[in-house]
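Here's the structure we're looking at; comments come further down.
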Amino acid sequence: MKDTSPRQNEMETEVTTGQVGEKCAVFGVYGTELEVARLSFFGLFALQHRGQESSGIATANGETMMVHKGMGLVSQVFNDELISNFKGHIAVAHNRYSTAGGSKVKHAQPMLAAGASSLKTVSYEDPHPSLNDSVSLSSGPDDGAIALVHNGNLPTTVALEGFLKARNVDTAEFSDSRMMVEAIAARMREGVELPAAIKDVYPLMTGAFSLLIMSRDSLVAVRDHCGIRPLSLAKLNGGWVIASETCAFSPIGAEYERDIAPGELLVIDKDGLRSEQIVVPDPKLDIFEFVYFARPDSQLLGKSVYEVRRNFGVQLAKEYPVEADVVIPVPETAIASAIGYAEALGIRFEMGLTKNRYIHRTFITPEQHVREQGVKSKLTPIKEIISGKRVVVFDDSIVRGTTSRQIVKMLFEAGAKEVHFLVASPPVKYPDFYGIDTPQQKNLIAATKSVAEMREYLGATSLRFLSYEGMIAATGLPENQFCTSCFTGVYPIDIGERAKEVVHS
Ligand code: AMP
């Protein structure tokens, strides 16, 4: 989701964090025999890597709806007492991840809106609660409220704005997610049932969305026609679980059933589960899910994320075999690729960089010097492994180049003789508009520098990226199954007015 308010945009420019886009996690449960809030809590825990900024859970029991959300990690927002207070057999839950410019509890999800014909035309929520505040709300039995959670981003909201303005809803302070929930609620106030309201609004939602929407008595899942962000379904004790990634299923004992298809609308209520393909699908999962986002123990498009990452390393070993003494990964994401590379070439693999696992989000700290300090407090080299060695260091991607530059410096300071920087993906040359947090194009190092210039900037002995073809081959899937926009600048879903922000090389 993104914030489209003018104030927000000013702030973004000030801190040069680029657009407010995010990779988030969504999670939902339906089951009369299930403790849905507690399951959501554990589901969000398993999906914490997809968002660490805010967290929230909403439940419904057929009559009323409750929500609690706040800034911070799942463990900071919820405690046992809060979880125990939730009532209901349906839940939707969310972890949010965004740039600093968008850090506000007003963006925390689930987002509620009044869907009943009689009631309020705007959300229940105070649009300006203070930072670090948490919000707890519940709806009355007649409110007909709906709650929405969103993973993805709508680069253009012109159509939604027009739809809401025509109904006298002021959209000035609304994010894309807020617009979606208000538009669906507006149709419901016009007497349309939830699934039909979603279908009506669907053509207005231009961009990436894996959505879960809960009414008092049903849970609905829907994905954009390209399925840019993942969404999977599992079974649990006669009920159903839906999550951004399959890694959320095994910790709660749920059994993976299938992926929700691009363009599919799935409804779960007291009559069971029914599904409808509401538009012609054009499957294009974001390949960056394999490169960076997803947890290694998840499956995407039927492929193990760990195995694909390992293949990235094996492929790079074919493309660029380096004579080295040791291969080390930048933890965590690059570990599997570094193992694949080291094994393919018979070079020793070591965890030569230690990560402080309690530090988060150096990538999106707005000011550069803070970001640089962040890298140091996150990663420390182990001198005994590095000193006097020809080192191959693996990272999953280079975005701004800040992390890699710091790492190269650290490794030389730790006594490395050579530092070969290998990247398990091609150069990121284009900004993302579908829910990844990337900076503006001018801040993407590969958009402004050649590989030789990047090597020089990093101070590395050599620098090599995985080829684009090699990346695709390593997935074992055809190229046309993927959105590759950050590498190719090909945007499969219209990015509207944002297209003018992109310079094609
Ligand atoms: P940079 O210093 O900007 O080049 O950041 C590159 C590092 O950020 C790599 O180690 C990646 O693992 C990580 N990374 C890549 N994409 C993202 C993202 N969207 N959010 C957070 N971290 C990322």
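Our numbering is plain: 1 for the first residue shown, then up by one each step along the chain.
Any Cβ shown, glycine's included, is placed from N, Cα and C.
Bear in mind that TrEMBL entries carry predicted annotations, made automatically and left uncurated.
Look at TrEMBL and you will find 24-271 tagged as domain 'Glutamine amidotransferase type-2'. Across all of the domain 'Glutamine amidotransferase type-2' (24-271), the predicted model scores a mean pLDDT of 88.
What TrEMBL records for CYS24 is active site, nucleophile. Taking all protein chains in view, 27 other C-beta atoms sit within 10 angstroms of the C-beta of CYS24 (active site, nucleophile).
Mapped onto three states, the DSSP output places ASP396 (Mg(2+) binding site) in coil. Every protein chain considered, the tally of other Cβ atoms within 10 Å of the Cβ of ASP396 (Mg(2+) binding site) stands at 24. Look at TrEMBL and you will find THR333, ASP395, ASP396 tagged as Mg(2+) binding site.
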Between ASP396 (Mg(2+) binding site) and CYS24 (active site, nucleophile), what C-alpha distance do you get in Å?
19
Same-chain residues at least 6 apart in sequence whose Cβ lies under 8 Å from ASP395 (Mg(2+) binding site):
PRO329, VAL330, THR333, ALA334, THR403, SER404, ILE407, PHE421, LEU422, VAL423, ALA424
